[in-house]
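Written out below as structure tokens is the structure these notes cover.
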Amino acid sequence: MAAPAPAPSSARRALVVYGSETGTAQDVAEELGRIAARLRFDTEVAELDAIGLNQLLQHSVVLISISTTGQGELPANSQKFWRALRSARLRPGCLHQLRFASFGLGDTSYPKFNWAHRKLYNRLTQLGARPICDRGESDEQHPEGVDGSFLPWSTTLRHRLLEQYPLPEGTEPIPDDVLLEPKWLLDFVDDNRQHREAESDKVVQNDAEEVPPDNLLDIPGGLTASIASNDRVTPTSHWQDVRQLNLDVSDYHPYIPGDVLTIYPKNFPTDVNELLSVMKWTSVADIPLRFTPSSPATLPTSRLPIPHFTSTTTLTLRTLLTNHLDIMSIPRRSFFAQLAHFTSDEFQKQRLLEFTDPEYIDELYDYTSRPRRSILEVLQEFETVKIPWQRLCSIIPTVRGRQFSIASALDPAAEAKKQTRIELLIAIVKYKTVIKRIRQGVCTRYVASLRPGQRITVTLQKGGLGVTKKETERPVVMVGPGTGIAPMRALTYQRKFWREESQHKDIGARDMLFFGCRNAESDYYFKDEWAQLQKEGIPLDVFVAFSRDQREKVYVQDLVRQQSARVYEALAKRDGIVYICGSSGRMPQAIREALIEAFQSHGNLDRTAAEAYLAAMEKSGRYKQETW
């Protein structure tokens, strides 16, 4: 394609946009922003829903990072943008001025791998937008994670940006060993620093609380939920602590099976105090701060590092580290590149830079992802690194909410009661790594600390299962091993309520639930409930695979094969629907294989025809998967 005319340096504007559900696509977008900034583009990074279509045409190039969620859908923070882009009023060619590059994040355990990225890419090109390089795609199942495909693609992108947007003569890209200046820095609210520091020293001498503070967070769309109960449902002798967390939210907030509740974790005081000590920030930990522009070029409308904050927001380092920054997350490559600027120790500097070298991607994985080493631990080990607190928010990522599939059905009386009960099933992440250190999930550790009566801030989001009341006329085949049983429980009760509401009780076929766990006595979640539902006459059969209760391991796919005649009857003869929830990886693919074999065996189909039948089910919305 023809390259656009070289733009003067002052007109080099790059817009980096992302659609992200868990934060990984946002991480990629921020890395794309750094690449563009080093090529001397005036760069802005924003979520897709924060921009309008007209803004796409106000930049030299647009770089996109997008993940796929649900049944091939775009993340929640890009749905508004997607609706605008799909408008029938847009004429072909209306985006012919737009140059873009896009990177998709997907998971091959899903049938619609990278579907959101491909839909977005195709719609942009349909409207005339022109890519500056081939689209990039990553796979969650790749042994090296996102970086396995992002690194080579980003290298190509950098070359294409320089080719199509050459720098003015005599101007070079900003070298990797030069620290990029953030748009916003932290600064004291006032200049009375000595007095403030003296007061701060008194504050931090108090013993730290063992759990995070109870204060509510200010989150757009946030709901205040009261903890009704937080009970362990596995025996204390079992290796994993699994909780049933019940929450009450004032007023009526409808939801359906497959919807998710997002919990926003906080860091523990012991970890916050340790980081303050390691960085030698204790004396300024409680002094009021605010964000200030790093240069006159930073526009007042530029987005701040902490979402929903403004330049007038007053905060402290302790508040930032407790509520907003993810000090316990696994660091990315860019983190080490920035740390290298803040040590005078040559050996540690070289070691940090090695982790940024694509040739040492295996070494980075062995140091970070494999042992699940946290940002705090890295800073403890590289003790000569001292980050200026003013730059803190440009180096440590923000804490992101964690989504949990709702395990309950909406109480039919919730609207009259003006109160909504939401139940979750959460496995508390705690284990020893290859370096014999205890690891705990950032959010589940917080969840485990929640007490009845405590109030927290949550958000309620639509899920990707797309359950409807009309489906009660069809049988369903549900597969939900482990905590994947949560949305299946919600679906079972919701179908019960809908049947009672419509007085439609007999559909001529029974629902089937395939559940998998280790032991009948340890992690057979909701065992008594299934028995009670069957006793009440609910048309439900439960098949349980206990993988450790006998010499030969049995998994959910084995039971699907054993019940293949009934599965075929429900799906092929009665137009039934399949729901698969739980851990991504091998399980979803194993279930697909078992279904294909059932279609072959009982439908007299060859392999190609059986695969085509399953693909047709996916296309018509009769095969739905939500895995994590």
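Every residue number used here counts from 1 along the chain in the order it is shown.
Using the three backbone atoms N, Cα and C, a Cβ is placed for every residue, glycine included.
If you look up TrEMBL, you'll see 14-158 marked as domain 'Flavodoxin-like'.
Annotation comment: TrEMBL describes 20-25, 67-70, 105-114, GLU140 as FMN binding site. In this view, ASP107 (FMN binding site) is surrounded by 21 other Cβ atoms within 10 Å of its Cβ, with every protein chain counted.
For 220-469, the entry in TrEMBL reads domain 'FAD-binding FR-type'.
The FAD binding site annotation in TrEMBL covers ARG372, ARG402, GLN403, PHE404, SER405, GLY441, VAL442, CYS443, THR444, TRP628. For GLN403 (FAD binding site), the same-chain residues lying six or more positions away in sequence with a CB closer than 8 A to its CB are GLU21, THR22, VAL260, LEU261, THR262, GLN461.
The NADP(+) binding site annotation in TrEMBL covers THR483, SER547, ARG548, LYS553, VAL554, TYR555, VAL556, GLN557.
Nearest to ARG372 (FAD binding site) in space, judged by Cα atoms and limited to the binding-site residues SER67, SER547, ARG548, is SER67. The closest partner of VAL442 (FAD binding site) among the binding-site residues, by CA position, is GLY23; the full candidate set was GLY23, ASP107, THR483, SER547, TYR555.
Sequence-distant neighbours of PHE113 (FMN binding site) (same chain, 6+ apart, CB under 8 A from its CB) are THR68, GLY106, ASP107, ASP139. Summary: among the binding-site residues (TYR110, TYR555), the fewest other C-beta atoms within 10 A of the C-beta are counted at TYR555. Within the same chain, residues at least 6 positions away in sequence whose Cβ sits under 8 Å from that of SER405 (FAD binding site) are GLY258, ASP259, VAL260, LEU424, GLY463, ALA486, PRO487, ALA490, CYS581, GLU626. Of all Cβ atoms in the shown protein chains, 22 besides its own fall within 10 Å of the Cβ of GLY70 (FMN binding site). Note on proximity: among THR483, SER547, ARG548, LYS553, VAL556, the binding-site residues of the record, the Cα nearest GLY70 (FMN binding site) is that of THR483.
Within the domain 'Flavodoxin-like' (14-158), the DSSP-based counts of helix, strand and coil residues read 56 helix, 35 strand, 54 coil.
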